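*Asks:* Before I ask anything, let me first share the structure, which is written out below as structure tokens.
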Amino acid sequence: MATRSVLLALVVLDLLFYIPPGRSGPNVYIQKIFASCWRLHGTCRTKCLKNEQYHIFCDTTRLCCVNPKYLPILTGK
């Protein structure tokens, strides 16, 4: 009987810690926070959209794509 209770507890814990794929439920928001860059105004992507500009690298393979209105003003030459 004790073994059955322990097994049931393990199954319940396993189901509680299961993380569904990234495109479902609240994980979309969590994924967006971790994939953001440049003060949460940019998004890490392999290629920027037409209305975005590359600003910095997120890692070795992805660019930080930011809407130009959020980019810092460049001064000097």
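The first residue you see is number 1, and the count goes up from there.
For all residues, glycine too, the Cβ spot is worked out from N, Cα and C.
Annotations for this protein, taken from TrEMBL, read as follows:
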- 1-24: signal peptide (SIGNAL)
- 36-65: domain 'Beta-defensin' (DOMAIN)
*Asks:* Which sequence positions outside the domain 'Beta-defensin' (36-65), separated from its termini by at least 6 residues, show Cβ-Cβ distances below 8 Å to it?
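*Replies:* For the domain 'Beta-defensin' (36-65), the nonlocal Cβ contacts are 71.
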*Asks:* Can you work out the mean pLDDT of the predicted model over the domain 'Beta-defensin' (36-65)?
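*Replies:* When the pLDDT values over the domain 'Beta-defensin' (36-65) are averaged, the result is 86.
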